[in-house]
């Protein structure tokens, strides 16, 4: 008997959805940063074992949109809860249910598939706090399963996999067993660069950063030559991203190259520039060029 199903991970921004997905896959597949709203596209990730295949949809965190990109991110997360077989609602025990959580719960009450409540970061919180959070959420909605985990340390991840297998239906293998992600290499490379920029820039530059890959070629020796732009919204952000004498941009390139080489399993040369695109997050045509679906 072979089972297969689509699983959506939902939760507030910065709750650890991408970290959970990476823990399940044991690979760095989805951009992980300490800053909220770092996942911008639904990333379908495929886990294939001997007797099942799970297709995970890692979504942007649900939040009140402030621009066209924000609208896209929220719509993307909401759409991901439709036509799936299982939903994982990820929360942190140290945070009381906020408006974002209540908004998600109202949506979850409408879905016709099993919903798991997954408590992340249990290693960082006392048992009393975890129990209190469990009680609070259980009173808001009935969940098929409640699983405490630590995505960062991998605690109870195998248990979570076992429970997901229990609930998904019998079905075909949708993707080849050696395929782990349905996004192309260029998309992943852009996300790696963006993650490094977010980490190194800290609070100096807000979320108005995007990455466009201009060129990605592989020579006869198997070496990739990559060129790209880091887009920012204000002229004042450009020197911050570049840094004194180009130091910040050099670090972004260096750290990105290391992860890109691990991802592509090849030597990589990368050149990055910084380009100002004012209000790019409200530019529908540019958002489309960067890979974001058109808003209806």
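Yeah, the Cβs are placed from backbone N, Cα and C, and that goes for glycine too.
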Open item on the list: Quick test of your reading of Swiss-Prot: among 11-18, 19-26, where does it put region 'G1'?
Closed with: 11-18
Open item on the list: For the annotation region 'G2' in Swiss-Prot, which listed range does it cover: 32-36, 37-41, 42-46?
Closed with: 37-41
Task: Residues flagged as region 'G4' in Swiss-Prot, choosing from 116-119, 120-123, 124-127, 128-131 - done: 120-123
Open item on the list: Six or more residues beyond either end and a Cβ under 8 Å away: which residues meet both conditions relative to the region 'G4' (120-123)?
Closed with: 15-16, 19-20, 90-94, 130, 148-153, 155
Task: Neighbour count (Cβ, 10 Å) for residue 122 (GTP binding site) - done: 21
Task: DSSP-derived class (H/G/I helix, E/B strand, else coil) of residue 122 (GTP binding site) - done: helix
